[in-house]
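*Asks:* Right, I'll just put the structure down here and ask away after.
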């Protein structure tokens, strides 16, 4: 826990520093390095937060994962609204002929759409002059908004007596037994006694990277690896769809045959992220009643049906908006539900979380690049065809995951005989005791 919290503190603080530095970067190489640091920090936060929720809450983790990813979607929806007032509709460099250059911007945007490279040589934009832009304020505001996060993590480290220089009189916020949601009052004494026992040699060596050690793979069946791989492939496809749809739905809408007005088409990505956020909010109470496997099945089937209908009604602007909202709802809870499902199969060791988060991140990166190049070569209709193919692959990988789940060996009889209260207490709760 100490390693995880320290990593979260460093990563969240790095994001605030990066957002404060970005407006000061006047060299593209320096900007690339700064953005790489931001990506690394966000990847650490994503992996560690998911992994720790799984380890701490185990069978109850589905609800907390849905809540976590609701805030991910809420942030993605909110941050563009914060930046929007500071974005300019005109050229940001003042020079002779700026008025004419500003009027050329809509034509240039049209020319830069994927299927119409166009010849931009006849448009005049000044490249030298007085720079007048307020976009720096958007980055600084985001840096300030994020700053309470590392402060809160540091406060948690302090209260849990994990800061080397401040191990004094502070009392922990929660003892180990209080973190188990289903602990009955009668079990608390037994749990407190058990938590105070010295760690075994094996438990003492568990750390943030324990699941990467080769000794954990010795004697593992092929279904153990198959569950990891198929789960990661499902998220590779579904998170890839999130990235490519939000990135290219605008370009698809303004092209023929839809030819949606640019300002109206600009609402599509916001609608998509808005319904992702709404879907994750709805999924919090739903996940309390419904199994993660069932939720993932509904998600992948819903994505498949939505893309099929988008293809059938590809000339309807109204259905494009309806389909965008529907797709956002079905994709919203796929990631947290898949984490909860795979970790449930693998007895909540936290290793699957790292594999799944990595697979999802690679999918979001690769599929955007792939779809962008296909749209450029084949036209805008291929955007929906690609989505349909990715949806079919996601469903196929999910079916394989269910097949390997049925083949995966069940937990030992000792675990099966344990009471529900004891089963709900994580093995790692001893980490909360000093």
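Positions of Cβ are set from backbone N, Cα and C atoms, glycine also.
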*Asks:* Which stretch, out of 245-263, 264-282, is listed as transmembrane segment by TrEMBL?
*Replies:* 264-282
*Asks:* If you look at how TrEMBL annotates this chain, which of 189-212, 381-404 comes out as transmembrane segment?
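*Replies:* That would be 381-404, the stretch labelled transmembrane segment in TrEMBL.
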*Asks:* According to TrEMBL, which stretch among 115-136, 137-158 corresponds to the feature transmembrane segment?
*Replies:* 137-158
*Asks:* Counting Cβ pairs under 8 Å to the transmembrane segment (381-404), which of 264-282, 294-313, 319-341 comes out on top?
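*Replies:* Per the Cβ count, the answer is 294-313.
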*Asks:* Does the structure show the transmembrane segment (61-82) and the transmembrane segment (294-313) touching, where I'm treating 3 or more Cβ pairs under 8 angstroms (sequence separation 6 or more) as a contact?
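*Replies:* Between the transmembrane segment (61-82) and the transmembrane segment (294-313), contact is absent.
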*Asks:* Take the transmembrane segment (319-341) and find every residue of the same chain, 6 or more past its ends, with a Cβ under 8 Å from one of its Cβ atoms.
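*Replies:* Counting only partners 6 or more residues beyond its ends, the transmembrane segment (319-341) has Cβ contacts under 8 Å with 50, 54, 61-62, 65-66, 68-69, 73, 231, 234-235, 238-239, 241-242, 245, 249, 253, 258, 260, 268, 271-280, 282-283, 286-287, 291-293, 295-296, 298-300, 302-303, 306-307, 309-310, 313, 352-353, 356, 360, 401.
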*Asks:* With Cβ-Cβ distances below 8 Å as the criterion, list the same-chain residues six or more beyond the ends of the transmembrane segment (137-158) that contact it, or say none.
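*Replies:* Those are 2, 5-6, 8-9, 12-13, 15-20, 22-23, 79, 82-83, 85-87, 166, 170, 173, in sequence order.
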